[in-house]
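As recorded in Swiss-Prot:
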type: BINDING; residues: R48, R54; note: NADP(+) binding site
type: BINDING; residues: R131, S132, S133, N243, A244, G288, K303, P304, T305, S306, S307, R329; note: FMN binding site
Amino acid sequence: MSHNTFGHLFRVTTWGESHGPALGCVVDGCPPGLRFKLEDLQVWLDKRKPGQSRFVTQRREDDLVKVLSGVMLDADGETMTTTGTPISMLIENTDQRSKDYGEIARQFRPGHADYTYDLKYGIRDYRGGGRSSARETAARVAAGGIARLVVPGVTVRGALVQIGKHKIDRRAWDWDQVGQNPFFSPDAAIVPVWEEYLDGIRKNGSSIGAVVEVIAEGVPAGLGAPIYSKLDQDIASLLMSINAVKGVEIGNGFAAAETSGEDNADEMRMGNDGVPIFLSNNAGGILGGISTGQPVVARFAVKPTSSILTERQSIDADGKNVDVRTKGRHDPCVGIRAVPIGEAMVACAIADHYLRDRGQTGRLK
């Protein structure tokens, strides 16, 4: 299986499976001289790890990251400095239950990658989905922690803005609320609504989709290039690579189809300090594939996980019709833990474009 690497200068290769002994990543192209502590990475993995509320999978993983290479340890025994060589990171799997998947060893779960993996490769890891499992994204979040160190002054934050048909009130957006509830919601009022709604979903053994929004602030103007190296193109590509993602939009996205040219174009004026001021940000901080200096705004939709208790029709590897019921521990709404994953992907895209821009223009933004 190829294509386990993304990025141009800031390159990330992930490895490992859901029920293997461990998974991890190698980050190549990270500049030397960046200083950090393990806790600077662990905070993002703790945000993604399973088992933190009744609304996510009850698989218990500590997701403790180990940095194996690419750094030198300071005298304090905690601070690490990147050397510019590949940074290898490892996360152990400790709570696999492969026996839960014995019945589907030869059955294709509807809506999963089982059929297409088997069709393409002639073999698949049925234990939790192998590489197609969202367990792989723990390694991406670790890589995203490194990416956040690359571009000075950039803050990447995400929030859950919709579960099923229940949307947040955007007028109530408060970043301080995001870390205060199990949904990463910026709207405190929607939390009890989501709790009641998801409790019903869980009780029925079903699942539901969601929308995640990621905003990157402090992004330097000038990142990205026209035509085939657009910043929004690469952000969309990385977000689409996340498990269960079925749609991505930048800025106003699909809502722009209902907007007039007068309302959609972001008008500009010159500020008193000689720096242009945008009067709106419908473009999501990117014009012509190049960052404007405004916040970069992206949203992505995740489908309901196909791992549900309802019996469904499918086929098996012998071409026979079968009825499949998925066992195991699964997220009733994968959008919750997709928040830190989306943050990591956007951070990696921005870090890569920052290094590419520096190499092409020589500018240190």
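Glycine residues also receive a Cβ, built from the backbone N, Cα and C atoms like all the rest.
Swiss-Prot feature annotations superimposed on the structure.
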residue : record               : Cβ contacts under 8 Å, 6 or more apart
R48     : NADP(+) binding site : D63, T137, A138, V141, R337, P340, I341
R54     : NADP(+) binding site : D199, R202
S133    : FMN binding site     : E17, S18, N243
A244    : FMN binding site     : A134, V302, K303, T305, V334, A338
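In the structure as shown, the Cβ atom of K303 (FMN binding site) sits within 10 Å of 17 other Cβ atoms. Residue density at T305 (FMN binding site): 23 other Cβ atoms are found within 10 A of its Cβ, drawing on all protein chains shown. Counting Cβ atoms from all protein chains shown, S307 (FMN binding site) has 21 others lying within 10 Å of its own Cβ. A coil conformation is recorded for S307 (FMN binding site) in the three-state DSSP classification, outside any helix or strand. All protein chains shown were included, and the count of other CB atoms within 10 Å of the CB of R131 (FMN binding site) stands at 19.
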